[in-house]
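Undergrad: Here you go, one structure.
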């Protein structure tokens, strides 16, 4: 487009720093891959890579939802507990349906539908309390985090809810099989990521999320229905938790009070490492994908070498998160 | 009035040939100002005249670009960040600076707590606070939470705090703006008690009658220039108003295009009531520029926000082209062809971290959707049009709008508002904080819009602007409509009389 004479005093040209902000996560990812290759020749093997990516896909799908929530200036701490309770209820529903529906895909599909529906309902609850109840997102989702966690413990009676073995056998391929050698979780993760990127960049909803996170007042004065957009982000988050869970259940075929513990923090960490601003106003889905993969690779690389204890995984992840935010801030002050 | 000190007493605080620029923009030109012990010295001027900057310099918050400050006859550099308080110069801000959750006694001793053996001596602070309140004749319990106090009482706590710091110069920025008449009287008694003890009081007010009542001397500022410092006894409210506004209109404003007297009423407002708005009725005709004048906080923005559905309307009727309407959401008023452009472009108007394009189309994003997806080339075309039409200048379109100059931000916001193709535009302070060249551009745009048949409500605290552009002027004061001026009646002095409450619509006309 044509713009007339510059209005701003000369300032440094698009420099290294701006690029760092954009490609920073990619650069970190590349460094990790190089490190992995140099440490262990098995790193690049098909088995290792699909394993890392498939494990990352649960957090990844949840983190894509979290990117919308955080971009719109919100926060959802309940996703890990929500995943656990959805997994538990899914398993109970499938077990309960076996007598009427028999063993087969019918039961599994009913279970999947239950999972997605439950996620949506949980999102509606979180979002409604936050927008209509005017309670801080942090507080609402801290509350539901406790509620969901306690519910799954109650449903499992303090133990483990296990899926009927025969149904589990039917369901198994959803995690372990794939298309052209790519496991389903990775395929779904990729599809959700592409869809998320498109929604974030090329729809009014994505634009409104960024506007609300950037300045809620401006959004309101620009005739955006702030409450509805916010509510939608939480519903989307819930549905995506449901999607992640229906890929997760066939992996172990069980749920307990320890399912999904700390997933919320891993998801938020992935979002932040990817370059989305924690206080809202700017979000990018591809960054989140990179961020989640970085977190997965750190654990993987620690397992592939023998110099450093893999128990330090959390410490390395923590360092990466802090570094990511430091780099973001460095750019702002520049 | 305590003018006992006379003019010969030495000044406690004086500013000598103070100038101040913010970046390239000069806001104060070689101001001389002084205050003597026991004196009340009022500073008066229109919005943007430089009053706030002057008191910020006098209290050390801002440093002058040139000139010097003398305190007790010695040239000093006042420390910033309110540290001048320790020297006895205390500024009480308009929006009082009290932590709402603390008690009165905690507030008074905040940052200078009395301690015993390293622990807070709550008892000593409480009794000292009670003592202070007594000497001030204030009925505030030291244990009262600030949040439970009325604005007037909060102000008293601020004053108590100032006295506890042995203030010798007390500077108050529009202390009466939020007070009722009786609260104002209590404040004035307080100020008189302080001056009797030799405290020098500087205060800013827009209310001419108050200045006449309280001040010993008045300093009038206009456009950053010192117009005069005069003893109050030599003044009348009218002569102050004249000094404040005495400036001729240049060709800053486009020639007025008289609207058709028979033009239909496009917006009718009857007995509008909302928070801060009482019983407002007016009509807006097609092609008309209707100015809204009044002091800051007189309720003009509240009227606009109640009309477009940004705030809750508690009463009254609104008609658009004769049909009753009831907007509860902004989107409805935008759809009906009525757009409101906020005065707070950084807080409510623009997304400062985003580029030009998303800002321009945020209000009307639905127009740029094709098959469910944003059509960025359509947005791009809209931006090109707006850049041309409103002469928006930016290094490139991706630059964050927070980095644009105020003028370009304002033009972008105007473009954003006009994207909704409204028939009626309410512009709230459309030239606030922008340079005179851009102002002129905006004035011509406003006049051109009216000539095209758009109807405009122009809310402005710059009186020349209202006078230079408006066909009729509504004056508001304290949430009420005090007068509607037309034709030759539209003069600054006349508006000021209505705005300051010297005259109201029901009074007999007083000739100037």
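Heads up, the Cβ atoms here are built off N, Cα and C, so glycines get one too.
The following feature annotations were taken from TrEMBL:
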type: TRANSMEM; residues: A:20-40; note: transmembrane segment
type: TRANSMEM; residues: A:52-70; note: transmembrane segment
type: TRANSMEM; residues: A:77-97; note: transmembrane segment
type: TRANSMEM; residues: A:103-125; note: transmembrane segment
type: TRANSMEM; residues: A:137-156; note: transmembrane segment
type: TRANSMEM; residues: A:176-199; note: transmembrane segment
type: TRANSMEM; residues: A:231-249; note: transmembrane segment
type: TRANSMEM; residues: A:261-278; note: transmembrane segment
type: TRANSMEM; residues: A:285-302; note: transmembrane segment
type: TRANSMEM; residues: A:308-327; note: transmembrane segment
Undergrad: Give the nonlocal contacts of the transmembrane segment (A:52-70) in its own chain as ranges (CB under 8 Å, at least six residues past its ends).
TA: 76, 79, 83, 137, 175, 183, 185-186, 188-189, 192-193, 196, 199-200, 206, 209, 213, 233-234, 236-241, 243-245, 247-248, 263, 266-268, 270-271, 274, 276-278, 280, 283-285, 288-289, 291-293, 295-297, 300
Undergrad: Counting Cβ pairs under 8 Å to the transmembrane segment (A:308-327), which of A:20-40, A:77-97, A:261-278 comes out on top?
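TA: Stretch with the highest Cβ contact count: A:261-278.
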Undergrad: Can you work out which residues elsewhere in the same chain, 6+ from the ends of the transmembrane segment (A:261-278), have a Cβ less than 8 Å from its Cβ atoms?
TA: 21-22, 24-25, 28, 58-60, 62-63, 66-67, 70-71, 75-81, 83-84, 145, 213, 284, 286-292, 294-295, 317, 320-321, 324-325, 328
Undergrad: Mark yes when the transmembrane segment (A:176-199) and the transmembrane segment (A:103-125) have three or more Cβ pairs under 8 Å (sequence separation 6 or more) and no when they do not.
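TA: Per Cβ check, the transmembrane segment (A:103-125) does not touch the transmembrane segment (A:176-199).
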Undergrad: Under a criterion of three or more Cβ pairs within a distance under 8 Å and sequence separation of at least 6, are the transmembrane segment (A:77-97) and the transmembrane segment (A:231-249) in contact?
TA: yes
